[in-house]
Amino acid sequence: MPISSKFNQRVRARLEEDEFEQFSGESTSDEGLEGGESVEDEEEEEENSAEDHSEEDDDEGEEDDDDDGDVEDSSSDINPSLNAISFGALAKAQASLGKRKRPTASTGGISPKRAKVPGRHSPTPSASSSGEKQEPEPELSEYQKHLAANAKKPPQKLTHRTSKHAPTIQSSRHAVSRKRTILEPPPVPKARDPRFDSVVLSHSTNGNSSTASNAAIHARKNYAFLDSYRKDEIAQLRKQVSTLQTKKHKTNYDERELARLKRQITSMSDRQRTFERKEMEREVLVQHRRKERELIREGKKSKPYFLKRGEVKKEAVAKRFTEMSGKEKQRALERRRKKVAGKERKEMPWGRRVVE
């Protein structure tokens with residue numbers, strides 16, 4: 001139990017074992033007398049200590065080696081005997097002393113805040129006694145030890161994903177970005193042709209879906225000559241490609257121009273093929289609706305059957321295949337076979353892949 005050295009000096013005269021047993025075993029009737037005697041002894045000791053303190057304040061910086069040796073001997077004798085003192089005796093002794101006086105620098109009771117200031121109330125190395133022990137460093141708590149251990153550890157690297165389909169691994173301590181998009185940028189305006197725009201066509205027909213679809217059909221028929229223009233443009237580009245390929249001495253410009261023309265031909269042909277496929281699907285859907293109306297009109301059906309998008313695509317492919325010639329069918333089948341074989345080869349392990 002930590003007790004100041006000043007408190008030890010006051011109760012030093014009554015810490016003999018025989019006297020302490022007598023003090024703890026006496027009845028309550030004798031406590032008043034002993035309390036009075038102890039109070040008188042303590043008052044005398046307080047006066048003596050006050051005189052000693054005044055003398056120490058007058059002669060500041062001068063300490064006797066004999067007094068230090070006596071204090072060390074007394075503290076060594078008192079410390080083992082303090083373990084046998086009961087809490088009741090300590091409470092009575094503290095109540096008899098009254099208020100504690102503020103410890104001076106000579107008793108070693110300097111507050112930790114004032115002790116931190118260098119050169120203020122701190123004894124010089126020459127004034128400090130040779131036998132004085134240094135205070136041990138405060139022990140760290142388990143939480144502080146845990147923090148210190150984690151601070152020394154290097155950051156752990158995240159393992160890679162098990163496969164490309166697995167989710168990305170990210171630490172739970174990853175800081176979320178504080179940047180927020182307050183105002184969205186305005187969308188980039190897209191080029192719209194009013195002749196083929198569905199919004200313009202529906203507005204011109206007062207929102208009627210049937211008339212809007214009819215208007216779109218009429219617009220496609222009215223501007224069907226654009227398809228012929230596209231075909232003519234693709235034919236002209238192919239002629240330019242053939243002339244560049246037959247050229248003997250090609251420059252870097254010719255090579256770049258040839259690559260650009262090939263890309264343009266591929267893009268335009270794909271776009272033309274997409275238009276034809278959509279037109280074929282639209283025709284299939286129109287024919288199916290016409291058949292359903294006839295069946296309902298004849299009374300063979302009560303509700304029409306609506307084709308799904310996948311069924312429309314299948315019927316459009318079958319119709320396009322029937323309209324092809326013999327050579328075109330062979331080419332289409334060969335392209336289909338190569339496409340399926342390429343997909344199967346990708347799923348095949350490397351050891352079984354053989355170049356045909």
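Yeah, the Cβs are placed from backbone N, Cα and C, and that goes for glycine too.
A quick note: this is a predicted structure, and the numbers were derived from the prediction, not measured.
Sequence annotations record features per position, and here Swiss-Prot assigns region 'Disordered' to 1-217 (among others).
Positions annotated as compositional bias 'Acidic residues' by Swiss-Prot: 28-75.
What Swiss-Prot records for 154-164 is compositional bias 'Basic residues'.
Annotation source Swiss-Prot lists compositional bias 'Low complexity' at 202-216.
The coiled coil annotation in Swiss-Prot covers 230-278 and is backed by sequence analysis.
With a threshold of 8 Å between CB atoms, no same-chain residue lying at least 6 positions outside the compositional bias 'Basic and acidic residues' (323-333) comes near it. Summarising the annotation, Swiss-Prot assigns compositional bias 'Basic and acidic residues' to 323-333 (among others).
Secondary structure by DSSP for the region 'Disordered' (323-356): 26 helix, 0 strand, 8 coil. The region 'Disordered' annotation in Swiss-Prot covers 323-356 (among others).
Annotated compositional bias 'Basic and acidic residues' per Swiss-Prot: 341-356 (among others), in sequence order.
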